[in-house]
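The structure appears right after this line, and notes come after that.
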């Protein structure tokens, strides 16, 4: 018995560890792991099926095959444990040691490790400073290398071909040593003095000036210093001993029919052993050189194939013509060790089945089929049966359960009570894809799911399946109940809005009972209270939709949060009173007194959650659902073809549009408009027409005329089924209704361009063959896209999770002073996102002042909840500074003050919340949803008509910002700058609307004018870009040569001629140098200057420009000289969307990116090169910056214009790296957040900004060293921000110069691979490369992230595991401190003295005590 305890003790867990280190293994280390040398390639004996001795499965080396039984059977059972059998040499122990005991092979000749040779950059190559080709020539015996030149004039490391070697031998005899093969490389590596090399490189780096050399030296220095610091020896990259994997990890399994299935590794090992043994034999025989060499080369190839098959040369194929899986293949890729077995494992106690709807369940319940429950809860049932004495043994209990007697069902009921189960639906895109429920036993074989959680799971009941898991331990049950229960997940983690919201038929039911109808039965009745209304309705005295007057009791929350009751009379619809019956006290009646669309219901639940708490909300949501189902059934809403009402004006609208199109075709034929313009205009006409038809249809469908009580005709909202469904938000949208009863409109081709001829029919009328054919185009693309994009989106999510996985809230407050400024997001005059939504749930970084009284409204560090955001709105404050994830200075992770509200819970985020993963899921989840939804509108082109004017939406005053204008003769202003804005301020002076004013817009108001809502204040042509005169004078053409740089086009009808500039590509050689431009001169033919400067009024004309004026014409200020046609965009849906988001997060440099001004100053143009223009910016202090800009780029600044640093000079998509470099971190964050949000906003998806900020923070983790100062960092090295901070703190203590850095932006893939943790990086992508680099550097992984801890099988350092890790670290820290104190206290002589005294002392207890003190 004592032995047994000892045995169990010896098999306890491995010791606690804090970090993992990866290093190169020295030959000694490999031998120390090994339990014996594998000498034979045999695996098992074909007759006895026992492993061969000294073979690949040898029991003597690797351990016994059966538990506690040696191979020959002499020793069996536990009592002989630990004995080594003298007959077969096998140790008597557990068979599972065959999973952990390794062997080794002594190689007859050293072999290079392929990873350090071929994985780029080649480590061996860098160390030796020899090219990879040369190393391969040496290794594969094509050349000699001089190892020791001796007294000869050969260079060390010089390569000699066979002939050269023989010549050298003749010339110098044996004064020099030259070798080939891995021995040569090994010797070269052994001769490297790493320390001296590092010193030499550092000195050389300081003296060198050339860029390329610096780069090369830095690369070498990095690798060498890595070897120096890690204690790896270079020669260990050459193998002399090869470890052999334990046999149970490369099994040989007998199949039926006498054949064997074997792991590929066995084949690879066999080849190595065969070749090694043959080589040994040849060496013993002193075989001729050429044969030995060939054998050595074959051995090298065999080892290469074993380590990483296919990396060099052709891969070794197995019997069935497929590549053999090598050791490297075992760990990399989706089916490799990391992703298949370590990051995700299959779990026991789980089942799956089809789901069906459970409308009678409560929110916290799920229906579990009895059959499944019985199987899942088996162990619990067994123990209960034994406890009750119904069964004596497990076997008896098993029998009872199999017979399914009544006592078993009773016990199952008990076991299941309050034992939560987890339900999961694949794909689990965010954390709401797994939730906990209390099981309710149901008959049948399908799981019943509560309808309200379908949104969270994205589930429907068309055959979806779900998996059930049982949390076994008490802790697991507790977590499931308190954190994962569906009732605790009412809010969406991505945006903080309720996700337990009724949808579809429930909404339809609620909408139906809250509608009112003119002249319904019982209209105008008065009731004393709500109960009376219910009785009247039940006795058919009053209709659901009748307008009635009722006295209701209303409880409203006061400031203190108590409910104050009051009575009042309300005039409302009877159905709303029925709904009011179930509304909890504390909600105002106004929230119910309206048709309950989906938005209204969401608002109702949101208000309930914020004001009355979770419990009330959950109960209320359930009641709403029951009521919605009930009345949706009562309403009898359905769809018939007659519900699709086609408007009568449709024909007229369409024929009008056709006339317009014909008119434009005429203009095109006569050359008045270009091909591009014609196309744009036609598409615009049809887009507008489609909207008009849709509007007519909506007017027709949404309103019906009825007679009221007096017999007069009145209009009321229609009860048309389709209208009700789309209006309530239950199903369908205006866009879909438009296709059913309006016109289908323009279609897109698969490449996104729009087909000019629209489909004028709708689905009610039916499509003809041509229209149907055009439709299939877009529809089919939608289907193809869906398949591709689901994968894309999943991959994006994976990268996001990987980059953010180690970001956890680690402290309450980091104490930073940095912050970001928040403003409402305004686009084209619409406030797309008001300030309240952007700052809700954040922490103020600076106090907010009342703009009128200058009093402090809100203090610094205030948490902005709904109430405080209302205060901001009341005082119309439009910019505040708030804390942000980007500026947080927490050492690891982030602090809760910088993050703000936990969106899924509604309070400030708790320490330990894994916000990185939440952010990644919130951004990734809609990606998948959206991609799956491209095809729903059947590829109908929804291109917005191009904006061509500014119409003010609110009354107020005009302010013109950064706007340069010139005044035309008629008195209008014309904008001649690009970055100008027109702002509308309300009477309080707060900004309501912002509009970008494009170049060339005519503005009809002045700065400070008052405007009324609906007034048009600016106009322009959206399809062309004008060039406008800023001075009056006479035109002169320069370099405009007919037939060379320009062509005349004459309009036959009007006789007008216009001039078109030809593109440089089409010009003859002589014309390529010419730069067509127009200049303005005065009466004396002298150049005129632009106002306020010495810059001549020259206007360069890009290719494709239309000139409307002739040479010598007189022009006024603000006239249009020329027009540059603009091409239109393709349709943008999330297709453009998903790749766009990926590009932003990958920080890719866009093609033809915008060119930004590197410094602030005045623009001028210098001498051009062949195909590039030269733009010079001169700063006020006289420094200049030159920029070469390709000729075809449209430069948006003119000579003499002043630009600010970071302003756009040449149009194009902006490059995030430029923004970071020129405008700083905050501007970059702002740019990425807005760009990503725009993509999602187009799809109507709400994501809170802070999630995107969290990802951006991770992309900005690294900095580039610009000046290393006194630190050990290298120039231009990329280092973690925190590491630089640490190094600098050390230097400051010594009064040295600190390192200077600049932030750099890494794309999410790069950032994931550049993370400090090599385990996390290796399990993400490019496993081989990551592990190679890590092992050379002897990297240490502190296991700070979530992934690393999952991989080593620990609790994650987040959530409930956070405190466990904190305690563990604290204990570890304490023991280190104690050790240090001990070391400080006792000197060696003191210890010696104490020890001798202790030994002398007679009482042994004291001696023990003294030793303890030591």
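Just so you know, glycine gets a Cβ as well, placed from its N, Cα and C.
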From the ranges 1369-1391, 1392-1414, pick the one that Swiss-Prot records as region 'Disordered'. 1392-1414
Including all protein chains shown, what's the count of other C-beta atoms within 10 A of the C-beta of residue 70 (Zn(2+) 1 binding site)? 25
Any idea what the Cα distance is from residue 898 (Zn(2+) 2 binding site) over to residue 72 (Zn(2+) 1 binding site), rounded to a whole Å? 69
If you count Cβ atoms within 10 Å of each one, which of the binding-site residues 72, 85, 88, 814, 898 comes out on top? 898
Taking only the binding-site residues 70, 85, 88, 462, 464, which one has a CA atom nearest to the CA atom of residue 814 (Zn(2+) 2 binding site)? 464
Determine which residues of the same chain, besides 814, 888, 895, 898, have their CB within 8 A of the center of the CB atoms at the recorded Zn(2+) 2 site, and list them by sequence. 811, 813, 816, 883, 885, 887, 889, 890, 894, 896, 897, 899
Give the helix, strand or coil assignment DSSP yields for residue 814 (Zn(2+) 2 binding site). coil
C-alpha spacing of residue 464 (Mg(2+) binding site) relative to residue 70 (Zn(2+) 1 binding site), in angstrom: 52
Tell me the Cα distance separating residue 85 (Zn(2+) 1 binding site) from residue 462 (Mg(2+) binding site), rounded to the nearest angstrom. 64
Check the Cα-Cα distances from residue 460 (Mg(2+) binding site) to the binding-site residues 72, 85, 888, 895 and tell me which is shortest. 895
Out of 72, 88, 888, the binding-site residues in the record, which is closest to residue 464 (Mg(2+) binding site) when you go by Cα distance? 888
Cβ-Cβ distance under 8 Å to residue 888 (Zn(2+) 2 binding site), same chain, at least six residues away: 814, 816, 894, 895, 898, 899, 1257
For the Mg(2+) site given as 460, 462, 464, which other residues of the same chain have their Cβ within 8 Å of the site's Cβ centre? 355, 459, 461, 463
Winner by Cβ contact number (other Cβ atoms within 10 Å) across the binding-site residues 460, 462, 464: 464
